[in-house]
Ligand SMILES: O=C(O)C1=C[C@@H](OP(=O)(O)O)[C@@H](O)[C@H](O)C1
Ligand SMILES: C=C(OP(=O)(O)O)C(=O)O
């Protein structure tokens, strides 16, 4: 795609927006709907490229999935009715598809080959492969089976007890999904809480899952189809929360946004920085909280962001870095070394991009230090084909003195296909 030139927004942002469905919940709805017996209807599904990869994976395994706008109908005969795919499965750019599918494919009693795009091929898979091998699957691949492409001879799994060495919901979920196929009980111990959508949805599909303190246990009981409503994605809403917080005079309401506690670190950060933010119409369906977020412009204070809050806002850190350039004083982000292993090295991409625009940002090994009160001049930036970096730069362009030129914005289709339409709608 050609580069995109964005001019500063001369208006305050105003209005009401419904952001697209949550990416993490959408992936899990396809996976559990495909593993369950019966018809699963999914509403407000995210039709972003990553979630379409998960759909394609199950189509190759023989599941009937109908996509009607943002509604899905998944018709499946359950766990034991999948067929060996005749072609390799392509995971595209999606870490969640890759890691969760490796858990599923490990349980299926046949051969599969899988691969991804250049970014995904450089992201570590050993974090899921090690526990899956302990459960008994045979996985081979590049660099001793640590990276895609991978070949799996699945089946014959036994339960394990596994303590997560990384703060990763993808690793936790891969093991729990493999546990659906394993003899005996599978136990995952997570010292730091990560997003718990898999646990919530497994319960809704009738899985034999129990959670006690930091230990999640599951056995191989079959799943039963159920309907799933996908709340708006707080990671997508975060771009508009920050936009409203930094463009003087703005006031935005974001409707039906997911408010699961394991994801609301961005709201805690905005609140601690002094933002004018409120939540209304709170509801809960199948363990997932959601509601409306209203936020308006206010001058904020820099803070320190580290420790257990990091997994609760890991994908929001690029846009939080932009927010911090406009606060009073310094913001320090730490304990976020996982940022280096996302679609691109997000520490380097954020530091380079914001510096190009005129901010003062220093990288650290596990985060960054951001000077507040920056005047953003504008300039050319690189998205590194990372949707969250592209959208962060687009939001930055609202407050720059001159235009921002982003090399390529096609990656927004990964998680937010209508991002630019929504931005235009609240900016005019
Ligand atoms: O489980 C999930 O849906 C996700 C978990 C997180 O990754 P990690 O598990 O690698 O932390 C997050 O960054 C990713 O966007 C989605
Ligand atoms: C890291 C992300 O996704 P994934 O790991 O699924 O590629 C993301 O959406 O920011």
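Using N, Cα and C of the backbone, Cβ positions are placed for all residues, glycine too.
Annotation source TrEMBL lists active site, proton acceptor at 315. DSSP classifies residue 315 (active site, proton acceptor) as helix under the three-state reduction.
Feature annotation from TrEMBL assigns 3-phosphoshikimate binding site to 23, 24, 28, 168, 170, 315, 342. Around the Cβ of residue 24 (3-phosphoshikimate binding site), 29 further Cβ atoms fall within 10 Å across all displayed protein chains.
When other Cβ atoms within 10 Å of the Cβ of residue 170 (3-phosphoshikimate binding site) are tallied across all protein chains shown, the result is 22. In the three-state DSSP reading, residue 170 (3-phosphoshikimate binding site) counts as helix. Marked as phosphoenolpyruvate binding site by TrEMBL: 23, 95, 123, 170, 346, 388.
If you look up TrEMBL, you'll see 11-423 marked as domain 'Enolpyruvate transferase'.
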For residue 346 (phosphoenolpyruvate binding site), nearby residues of its own chain (Cβ under 8 Å, 6 or more apart in sequence): 317, 318, 339, 340, 386, 388, 389
Residue 315 (active site, proton acceptor), number of other Cβ atoms within 10 Å: 24
Close in space, distant in sequence - residue 342 (3-phosphoshikimate binding site), Cβ under 8 Å, 6 or more apart: 95, 123, 315, 386, 388
Distance-selected recorded positions near ligand 2 (C-beta under 6 Å), from 24, 95, 123, 168, 315: 95, 315
Winner by Cβ contact number (other Cβ atoms within 10 Å) across the binding-site residues 28, 123: 28
Candidate with the highest Cβ count within 10 Å, taken from the binding-site residues 23, 388: 388
Sequence-distant neighbours of residue 168 (3-phosphoshikimate binding site) in its chain (C-beta under 8 A, six or more apart): 99, 127, 194, 338
